[in-house]
Amino acid sequence: MSFGRCFLKLPYFTNMFIVQVGALLIALTYYTNAQTSVVAVNTTIPGSEQSASGLRQLAVAVVPQSSVFHPSLRSQFSLNLLSAFPEDLEVSNYCVELLAIFGQRYSTYVNCLVSAARPVKVCQNCYGTYGNLMEIYKNISDQMGPGNVSCRDSLLRSDRLMLVFLLYSNLEDIWTASECNRCVSLRHYSLTNDTLYFMETLNQSLSCFEKYQKGNHSELCTECKATYRGLNELYSRMEKNHTLCIDIEDSMNMTRILWSKDFNCSFPRAETVPVIAVSSFMLFLPIIFYLSSFLHSEQKKRKLIHPKRAKSNPSFINIQDKFS
Amino acid sequence: MHPSLLQDSVRGCPKEIPHNEKLLSLKYESLDYDNSENQLFLEEERRMSFLGFKCLEISRWVICGLIGFLTGLIACCIDIAVENLAGVKYYVVKQNIEKFTEVGGLSISLILWAVLNSAFVMVGAVIVAFFEPGAAGSGIPQIKCYLNGVKIPRVVRLKTLVVKVCGVICSVAGGLAVGKEGPMIHSGAVVAAGVSQGRSTSLKKDFKIFEYFRRDTEKRDFVSAGAAAGVSAAFGAPVGGVLFSLEEGASFWNQMLTWRIFFASMISTFTLNFFLSIYNNKPGDLSSPGLINFGRFESDVSVCLLLSSPKPCVISLSTVCLVLNPVFNILNYWLTLFRIRYVHRPCLQVMEAMLVAPLGPDQSEDYPLQLFCADGEYNSMATAFFNTPERSVRSLFHNPPGSYNPLTLSLFTLTYFFLACWTYGLTVSAGVFIPSLLIGAAWGRLFGILLAVWAVPGKYALMGAAAQLGGIVRMTLSLTVIMVEATGNVTYGLPIMLVLLTAKIVGDYFVEGLYDIHIKLQSVPFLHLEAPATSHWLTAREVMGAPVTCFNRIEKVGTIVDVLSNTSTNHNGFPVVMPVAICGLILRSQLIVLLKHKVFVELARSRLTQRKLQLKDFRDAYPRFPPIQSIHVSQDERECMMDLTEFMNPTPYTVPQETSLPRVFKLFRALGLRHLVVVDSENRVVGLVTRKDLARYHLGKHGLEEMQLAQT
């Protein structure tokens, strides 16, 4: 019976952000799992009534959004309009705590992201907070709490909005897009050696810039050229090894702009002359070719053949008359 | 040609004129679509059991499946080869540039790039110019002619296929402004013609299968399936492929054939998809149904905007069509004429291709390098040009608004326009689809940027691409479906259709489509859909050739040999008369087989045990019947007699002398005839209408004009 209902609820899921079929299927299976497990909980664990409403208030206080929790199975039970649900449908104490921690860490990470937005330092500044967030989310989704309570179902999958999951996946997307994984080894909570080395080289260049910035820029150009070139080479090496994250890309971009726009140190454009010369020579060749083939190659002539026609063709002569 | 001029030249001696578009070449012959229902045929049909017919039907399906499979495989090979070769080239040049950027030797890199391009293109041009000139160009005009019923020499040979595939790989990897999609259609057609025959004459290998299909009629059906499979592999558009075949070969059609062709198309696109996904290490992903992929277009409100803003959108689009498309075709027309007249030697053709190659997109492709940019900056133009044209099209469609600078984009459009126009018609195998899509996408995008009210320049790029392509090739139904299928979104059907409609109407007002221009310049006797509009007053009497060389039903061998050997009258069909009234029609190919097997009345009498000639003997000689010179007939044999009764087609189509030209034309085109006998009231042969007699009339500026026959 519950299986049938499950399929009836499908439209809810199609409204979700996850539009890929695969994800939909996964969600569907999870949904059925969730249903059966909730029913199982219902039958096996008679929960404790005493603190249900209190906990609920706590949850509301800590995570204001959670007031939208609507257990989707409400209709299965003939309930009165109670302000609190029976204990077996409520979120356990443990989970509410987890949720509160998740909220704190979430906001810390977002704050960090915003402050590191420009110039981009989201990887080097925020990998710690991201690691924390990831940890708590893992706790919610994987681990079993005391009394064998899993918060995964109650927090992540009880409604069609799946807010916690949604919030987390948004941040995960940002993390993936910035490719911070290439600069940070999350397992050790540290930046990779490559990144550190790059930062060091970058700092050398920047300090060199600072040193000569006051005086003539041409002096800067000559003095800092070595470090700048070293930085460039390092960057292209890292590009080949795929160890670039957004922080490095951005700082390199800024340095390059500084170098070529602000200090005007880009190599001189003298070579545009030979380039243009070569190009125009290549443009010139076809013209010569066509001219010479027009002048020297003999024109292709066609021999006309006169097919046999009926001897007297009065109408041929008349074509013109008939038309004019 | 003016009729009075014609009269002059008839009186004078044979004269030579420069090549022009108003000629019909003698080297093109018709295909024999009309089935010769002679006694041998009837006998074979009687012998064939019910099961035999069922088997034939099944083997047709098998052949179509094979055609689709092989075509898809070829497309896959081309794609992979081009990708790798171009990758190597880009890698070498990039290395070189990186090495020289700071030292300041960019001109050296430029020369390296040019030399590499030229080398690739040289290989492509040499194999085309010296080994198989039939493989030049996109091959679509040739296939169009073939489906129309013209036998283009060597167009469906294995050698052509090999040269075509290698040539395409070289020219695309060589950075010419060309695409690899058009040649796929030709390749598919060759595959079809080869597979359906169950043998290869070039390799001298006969598998002894599918012997029943060794006829022009059957072969044509399979060739249309092959062309469809080619389109479907090129664009991932199976329905578009079927419609392409329908549009080009529409006069001969039936439902079962359509269904089979659809099967071939489906197999082809699936094969390509399957193998490419394996190559890309994503088996089961199946995300590349065609050689070109437009990427995913979401149907959102912007489609409505495109439609609901008809005034600025359609008017401006059509003005651009008005300017760009006819210009492309006219320029290419003059260029092609010049090439035919002056650049006709193979070595000159190779040289020309090599000279165009370095000028190819490389001029723009060097921009991304820091040459004109500050350190580490790459402009979006650069990424568009450092890519293969397919990818550039996609980025023009999908890059977010603001990625392109209008000035550079317009510069690019202009350069690429002239380059593409210049490149098409070189002696390399290459298509025009992708370049025109790219030009169209570029100006469509430009237009979208300038309009800027509805911020969806990508959608305008799509519309522009459709308009440009439609304006150049002038296909209607099939192109719409191809574009819709490549877009993967039916919602775009209506705007694309409207745009194509406008492009065709505007374009037709000025000049014909590119393929038709090339067909004309090749002097092919092409039969259009209908006879010229003002030709009803012309009757068969004026159109036909006369007098006709006829044979008696029992004819002297010497006479036959003499007639066949006469080079000045290279006739192919001979009415058989008894004694003066027509009683049949016999083909040159049949006579040659008869002579070869010495089917003479006297010999038959003396040797009673002589094996009776069967239809199989005719099929074995197909399609390359030996020339008459290679058949030795001794002096004694010349005195023998030959009985043609058994072998001639006893019921050829005939028309009375008063039949009007459009009537004759309709009969000719609908039945795929090669010879139409004109008879008088007593059934005596007075003339013979052939394809060239009909194709020479066309509607010019001064009313009905006539084209001349010429030796080419």
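Cβ from N, Cα, C; glycine included.
As annotated by TrEMBL, domain 'CBS' applies to B:648-706. For the domain 'CBS' (B:648-706), the DSSP counts in helix, strand and coil order read 16 helix, 25 strand, 18 coil.
Marked as transmembrane segment by TrEMBL: B:58-82 (among others).
Here the transmembrane segment (B:103-131) has Cβ contacts under 8 Å with residues 85, 89, 92-93, 96-97, 159, 163, 166-171, 173-176, 346-347, 349-350, 353-358, 360, 362, 365-366, 369, 371, 426-429 of the same chain, all six or more residues outside its ends. Feature annotation from TrEMBL assigns transmembrane segment to B:103-131 (among others).
Residues annotated as transmembrane segment in TrEMBL: B:222-245 (among others). Distant neighbours of the transmembrane segment (B:222-245): 63-64, 67-68, 71-72, 74-75, 143, 146-147, 156, 180-182, 184-193, 195-196, 213, 257-258, 260-262, 264-269, 271-273, 288-293, 433, 475, 477-479, 481-482, 484-486; these residues of the same chain sit at least 6 beyond its ends, with a Cβ under 8 Å from one of its Cβ atoms.
The annotation transmembrane segment is assigned in TrEMBL to B:257-279 (among others).
Here TrEMBL flags B:315-335 (among others) as transmembrane segment.
Per TrEMBL, transmembrane segment is recorded for B:404-426 (among others).
Feature annotation from TrEMBL assigns transmembrane segment to B:432-453 (among others).
Annotation comment: TrEMBL describes B:490-511 (among others) as transmembrane segment.
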At a C-beta cut-off of under 8 Å, are there same-chain residues at least 6 beyond the transmembrane segment (B:58-82) that contact it? List them, or none.
161, 165, 168-169, 172-173, 180, 184, 187-188, 191-192, 195-196, 209-210, 213, 222, 225-226, 229-230, 232-234, 260-261, 263-276, 279, 291, 388
Spatial neighbours of the transmembrane segment (B:257-279) not adjacent in sequence (6+ beyond its ends, CB under 8 Å) are 60-61, 64-65, 67-69, 71-73, 75-76, 79-80, 188, 192, 221, 224-226, 228-233, 236-239, 241-242, 245-246, 285-291
